[in-house]
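> Supplied in structure tokens, the structure appears directly below.
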Amino acid sequence: MTERAEDLERQIAESTVQVPSKVGAPTSETPAVGLTHASDQNRNATLREKPQESPLEEKNDQPNIVATEEYSSFTIAQKRAIIVTGSFAAWFSPMSGSIYYPALNQIAADLHVTSAKVSITVTTYLIMQGLAPMMIAGFSDKAGRRPAYLICFTIYIIANLALALQDSYIALLLLRMLQSAGSSGTVALAQGLVGDCITSSERGQYVAWASAGTILGPTLSPILGGLLSQYCGWHWVRTFREHSCLSIFWFLLILSVAFFIPIALFLPETCRKIVGDGSFPPPWTSANLTDSIRYRKRARNGIEVNEAKAAELRKNHKLSIPNPIGTLVVLADFESAILLITNGIGIACFYAISTGASQAFHNLYGFDDLYVSLMFLPIGAGSLISIFTTGKLVDWNYRRHAKRLAFPLTKNRQTDLSTFPIELARIQIALPLFITSAASIIGYGWMLTHPIPLAGPIILLLIFGYCQIGASQVLNILIIDIHPAAPATATAANNVLRCLIGAAATAAIIPMSDAVGNGWAYTILALFFIGSCAGPIASMRYGIEWRRAKKEKAERGRKAKEAKGLA
């Protein structure tokens with residue numbers, strides 16, 4: 001009896017199918033049922049049934065890193081439509097600021113104030129542009145993106161109407177701040193849409209589309225502002241028909257109302273804390289006209305809602321008074337702060353060039369408002385090229401590092417980046433762009449000291465537009481990677497430093513140029529910019545260790561909280 005039992009055990013051991021272990025995973029054994037050739041047949045059937053991997057997917061050698069569920073239920077076409085809509089909404093904030101630049105001299109003359117006083121309205125606009133998203137971003141992460149959009153556009157439309165009707169410097173100053181408060185929140189919300197729908201491995205190309213509005217706004221809007229200022233006036237001009245009128249602010253009012261209506265009716269809720277991957281019905285405050293149709297169609301197709309998870313998501317929904325605490329938490333994070341300071345100084349150089357261009361080209365070449373606005377075209381062209389190339393470079397470098405480290409690349413699945421050097425993958429693209437951008441700023445400043453051929457400044461503005469916007473775009477992606485649970489809040493923190501430092505540069509560039517000349521003024525800005533690049537370099541070297549330490553600290557805090565609750 002004992003010998004027969006030993007023979008049976010020996011047969012089972014010989015028929016055991018050895019499954020090759022994956023890199024970094026423990027070896028597993030699958031006992032066969034029956035004879036060895038039956039096990040081989042089962043194994044071959046399993047291999048035949050295994051679905052083909054998509055081109056964007058790599059073999060998952062680290063199974064605990066990749067989520068088991070799809071990241072987003074929206075189709076590729078729906079994702080693109082959502083993100084392009086958010087990008088166009090974000091365009092209103094930089095457009096409202098930049099469309100104003102060519103009319104600064106005319107506004108000063110019409111309101112009988114100095115150019116310095118009118119420049120204050122630009123500075124206060126930028127300050128509010130930095131502070132307002134602190135309030136709306138945290139609100140959108142709890143209440144949803146749709147209610148946040150409704151609040152932003154309501155404030156913006158009211159401000160535009162009041163600006164079109166006012167006729168005093170004080171009213172202009174205060175209403176421009178209100179206008180900025182309404183429009184600036186849309187910048188953080190656009191990046192929030194990307195974080196809601198797109199995984200890290202695909203984020204580069206989508207963030208490019210989401211950033212298109214904020215990138216093209218400061219460069220193309222001055223041209224539109226120059227045309228309106230030159231031919232229609234900045235405020236209120238009656239044309240050949242006595243009852244017909246047009247101004248910069250009337251234009252912004254009409255455009256914002258025309259955009260607000262479809263976004264209020266059709267934009268779906270995407271906030272992951274409320275609708276998960278987009279397959280769970282949102283609360284009534286975040287519902288649009290097509291939600292009932294969409295969820296009835298899913299039910300007819302046999303796609304049922306997980307009621308347990310839906311109930312859990314409903315607990316996350318919270319309509320509260322907007323507050324800046326979430327943004328301040330991001331700013332208090334050391335790694336985030338050093339990255340945001342670099343990005344802020346880079347964008348400050350952009351604002352300085354935009355603000356100083358009107359005076360510099362008017363004094364040096366005798367340009368009027370329209371010709372000054374055309375000088376923003378090279379920056380716009382460089383930015384446009386950057387939009388469609390930098391994102392692809394970012395995704396390529398991510399894939400390159402993932403393949404080098406045998407890190408899983410899975411389409412539409414969230415990946416834990418705790419062991420992946422995401423800072424290295426991103427900043428390798430951004431750092432050369434930062435250095436080239438700083439060099440172009442220095443060259444541009446010294447070219448403005450003499451009336452050299454116009455091709456010189458144009459070429460350097462093109463290089464600056466490509467490099468600066470491309471590098472800024474990469475850091476925007478990295479900030480969302482570091483804070484995946486609150487992309488809108490992380491973008492709001494980015495906006496705070498960008499706009500506050502930009503406001504300081506805007507206020508300082510003309511006095512600096514008057515005091516030391518354009519060459520040294522822009523050289524000083526560029527040197528500050530180069531010095532700030534130490535932050536991204538440190539993040540590239542130590543970022544993964546910082547993130548691991550933060551995760552361990554958060555885990556200890558969670559366990560301590562659970563233990564305290566059990567006690």
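One-based numbering along the chain as shown.
Keep in mind that glycine also has a Cβ here, set from the backbone N, Cα and C atoms.
When I checked TrEMBL for this same protein, it listed these features:
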COMPBIAS  1-12  compositional bias 'Basic and acidic residues'
REGION    1-64  region 'Disordered'
COMPBIAS  46-61  compositional bias 'Basic and acidic residues'
TRANSMEM  81-103  transmembrane segment
DOMAIN    82-550  domain 'Major facilitator superfamily (MFS) profile'
TRANSMEM  115-136  transmembrane segment
TRANSMEM  148-165  transmembrane segment
TRANSMEM  171-194  transmembrane segment
TRANSMEM  206-228  transmembrane segment
TRANSMEM  248-267  transmembrane segment
TRANSMEM  325-353  transmembrane segment
TRANSMEM  373-394  transmembrane segment
TRANSMEM  429-448  transmembrane segment
TRANSMEM  454-480  transmembrane segment
TRANSMEM  492-513  transmembrane segment
TRANSMEM  519-544  transmembrane segment
> What mean pLDDT score does the domain 'Major facilitator superfamily (MFS) profile' (82-550) have in the model?
84
> Does the transmembrane segment (325-353) come close to the transmembrane segment (81-103), meaning at least 3 CB pairs under 8 Å for residues 6 or more apart?
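Answer no: the transmembrane segment (81-103) and the transmembrane segment (325-353) share fewer than 3 Cβ pairs below 8 Å.
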> Do at least three C-beta pairs under 8 angstroms join the transmembrane segment (248-267) to the transmembrane segment (115-136), pairs 6 or more apart in sequence?
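By the criterion, they do not touch.
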> Looking only at the recorded stretches 148-165, 171-194, 325-353, 454-480, which one has the largest tally of CB-CB distances under 8 Å to the transmembrane segment (373-394)?
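Most contacts with the transmembrane segment (373-394): 454-480.
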> Any chance the transmembrane segment (115-136) and the transmembrane segment (206-228) are in contact, meaning at least three CB pairs closer than 8 A with a sequence separation of 6+?
no
> Are the transmembrane segment (206-228) and the transmembrane segment (492-513) close enough to be called in contact, which here means at least 3 C-beta pairs under 8 A that are separated by 6 or more residues?
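No, the transmembrane segment (206-228) and the transmembrane segment (492-513) are not in contact.
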> Report, as numbers and ranges, which residues of the same chain sit near the transmembrane segment (148-165): CB under 8 Å and 6 or more residues beyond its ends.
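Distant contacts of the transmembrane segment (148-165): 89, 92, 96, 136-137, 139-140, 171-172, 175-176, 178-179, 181-183, 185-186, 189, 235-236, 247, 249-250, 252-253, 256-257, 259-260, 263-264, 267, 488.
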> Could you tell me whether the transmembrane segment (492-513) and the transmembrane segment (171-194) have 3+ CB pairs under 8 A, leaving out pairs under 6 positions apart?
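In contact, yes.
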> Looking only at the recorded stretches 325-353, 429-448, 454-480, which one has the largest tally of CB-CB distances under 8 Å to the transmembrane segment (492-513)?
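Result: 325-353.
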